[in-house]
């Protein structure tokens, strides 16, 4: 039985004070959320301690927005798994389209980050997806399969999450049709060869489309960006009812 993971990625938003206010408004709205799902938030590193305190005794788990594959060293601007574990982090987002784009992250680096996560007891959320140009050229499946094969090499498929995030749908207001997202997620499952693999969809997820997305047979959760920044909006997503 695949347990859906509903994750909100705050990216570079929210101070500690804003995170406290958010949780004060958010937690009461998910008190009666069905227990058949995981609800996760990925704040900036600076807010992890604040979020750990606010989420204590709640159903909300914590994710980091990245992790380095070394335990320590001269890696300016990076963070280690051990540092994250100190704050109660359970998930790590790796391979998101923004680090791939802005910092030229390779599939090999993403694989190192994911392997380290699993070795330390963290669950990597490995992001894959095609650009608008790749989609227009009919290369989407080839690109995603390469990302899967290289990014997931050597990983335990039962201890990770894959997030399919078509880059052209991130922060653009464009949404991949639920049926098409489900088709790609089904392909990913077949390529990995793991029936129980949890696969999320990410890309302009919002309260108005969450129920339809979660009704799809191969979508096991969502990775939410902008719509996770407002507690009312993300609470509605976390409380989805598949139609």
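Note that Cβ sites are derived from N, Cα and C of the backbone, with glycine treated the same way.
In the three-state DSSP reading, residue 96 (active site, electrophile) counts as coil. Per Swiss-Prot, the feature active site, electrophile maps to 96.
Per Swiss-Prot, active site, proton acceptor is recorded for 165, and the stated evidence type is sequence analysis. Using a 10 Å radius centred on the Cβ of residue 165 (active site, proton acceptor) and all shown protein chains, the other Cβ atoms total 27.
Under the heading substrate binding site, Swiss-Prot lists 9, 10, 11, 171, 204, 225, 226, citing sequence analysis as support. Spatially close to residue 204 (substrate binding site) yet at least six residues away along the chain are 169, 170, 171, 172, 173, 174, 175, 226, judged by Cβ distances under 8 angstroms.
Following the DSSP three-state reduction, the secondary structure of residue 171 (substrate binding site) is coil. For residue 96 (active site, electrophile), applying a Cβ distance below 8 Å and a minimum sequence separation of six or more within one chain yields 9, 65, 127, 165. On its own chain, residue 225 (substrate binding site) has 8, 9, 11, 170, 171, 202, 205 as residues at least 6 apart in sequence with a Cβ closer than 8 Å to its own Cβ.
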